[in-house]
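**Q** The structure follows.
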Amino acid sequence: MSSEPLVLGIETSCDETGVGIVRGHTLLADAVASSVDEHARFGGVVPEVASRAHLEAMVPTIERACETAGIRLYDVDAIAVTSGPGLAGALMVGVAAAKALAVGLGKPIYGVNHLAAHVAVDQLEHGPLPEPCLALLVSGGHSSLLRVEDVTSGVDPMGATIDDAAGEAFDKVARLLGLPFPGGPYIDRAAREGSTVYVDFPRGLTSRRDLERHRFDFSFSGLKTAVARWVEARERSGEPVPVADVAASFQEAVCDVLTRKAIDAASSAGIEDLLIGGGVAANSRLRVLAEERAAARGIRVRVPRPGLCTDNGAMVAALGAEMVARGRTPSPLDLPADSSLPVTEVLV
């Protein structure tokens, strides 16, 4: 098969129905249908609502991607789909659609890991991944540090959150501040008008004692609780809550820990390239702080454009294309949707 295979990727791990089409490392189409507005009134993603939205959006999104790419479905060399981790019902919709396409078109199918796909998508913007590289993946469901020797098979965890993920903390703090869902973009926007030192919020797992056991792990539940208590105390006193200042101080605490641990992990492993991905990677302060700290340690930083950081089908197609190009054996047609798929299992 061609070293630049034409691959269609399907992503349905959470609330975005994503269909991407790539040829090798070239992005041809990235169609996304989001159900975020349906979840906003609940203040978070509702699994049943997400699954139903995927069912409704799947065919139109596939059609839109093919039209944008200027191809017909039977032109593709392979189908790739997120098999996990994610919401079980949502994953099942994507996997079922991918299986139907694979059978109907007579094409191989590749069930891939959602987290590894967040790493692979960077190739669409910056070319082949340096190997090894360190990946910092931060989203609503994950906060992980990964050593990547080979994005198709050699992904090993160095650290992860022990409680709340960074993106989850952003959503919960946004709710405390009266900001809309999803909270990340709104906190980022509000923080631009605030002071990063207005409140000295705690940095989880950064004490000397914590670093002995959790050097590269994250914890954001304590930070979330600290913000809640600060806001509640302010409201009890009858004083207005300075939303911009609290947003900036909270965001600084998160970005400080993420970048500090990522740079430390890369340095300790002798890795000179840091890749940042996941929805929180779109945060402007995280990008700036990572660049500053990495430059001071001689580490190069790669961050995809914001549209490729959030969940999308292009990242799945990118990883699928890499699987095909490297001659990986396709997945069986009975591949499962695995909501707790470990990152070490890149191909199902």
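Using the three backbone atoms N, Cα and C, a Cβ is placed for every residue, glycine included.
Straight from Swiss-Prot, here's the annotation block:
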- His114, His118, Asp311: Fe cation binding site (BINDING)
- Leu137, Val138, Ser139, Gly140, Gly141, Asp171, Gly184, Asp188, Asn283: substrate binding site (BINDING)
**Q** Round to the nearest Å and give the CA-to-CA distance linking Gly184 (substrate binding site) with His114 (Fe cation binding site).
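**A** The Cα atom of Gly184 (substrate binding site) is 20 Å away from the Cα atom of His114 (Fe cation binding site).
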**Q** Suppose the Fe cation site is His114, His118, Asp311. Which further residues of the same chain have a Cβ inside 8 angstroms of that site's Cβ centroid?
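**A** For the Fe cation site the neighbour list reads Glu11, Ser13, Thr82, Leu115, Ala117, Ser139, Gly277, Gly278, Asn312, Met315, Val316.
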**Q** Where His118 (Fe cation binding site) and Leu137 (substrate binding site) are concerned, what is their Cα separation in Å, rounded?
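**A** The separation of the Cα atoms works out to 7 Å.
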**Q** Measure from the Cβ of Leu137 (substrate binding site) and count the other Cβ atoms within 10 Å, all protein chains considered.
**A** 27
**Q** Can you count the other CB atoms that lie within 10 A of the CB of Asn283 (substrate binding site)?
**A** 27
**Q** Near His114 (Fe cation binding site), which residues of its own chain have a C-beta under 8 A away, given they sit six or more steps off in sequence?
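**A** Counting only residues 6 or more apart in sequence, the Cβ neighbours of His114 (Fe cation binding site) under 8 Å are Glu11, Ser13, Thr82, Gly84, Pro85, Gly86, Asp311, Leu341.
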**Q** Please compare the binding-site residues His118, Gly184 by how many other CB atoms fall within 10 Å of each one's CB, and tell me which has the fewest.
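**A** If we count Cβ atoms within 10 Å for the binding-site residues His118, Gly184, the smallest count is at Gly184.
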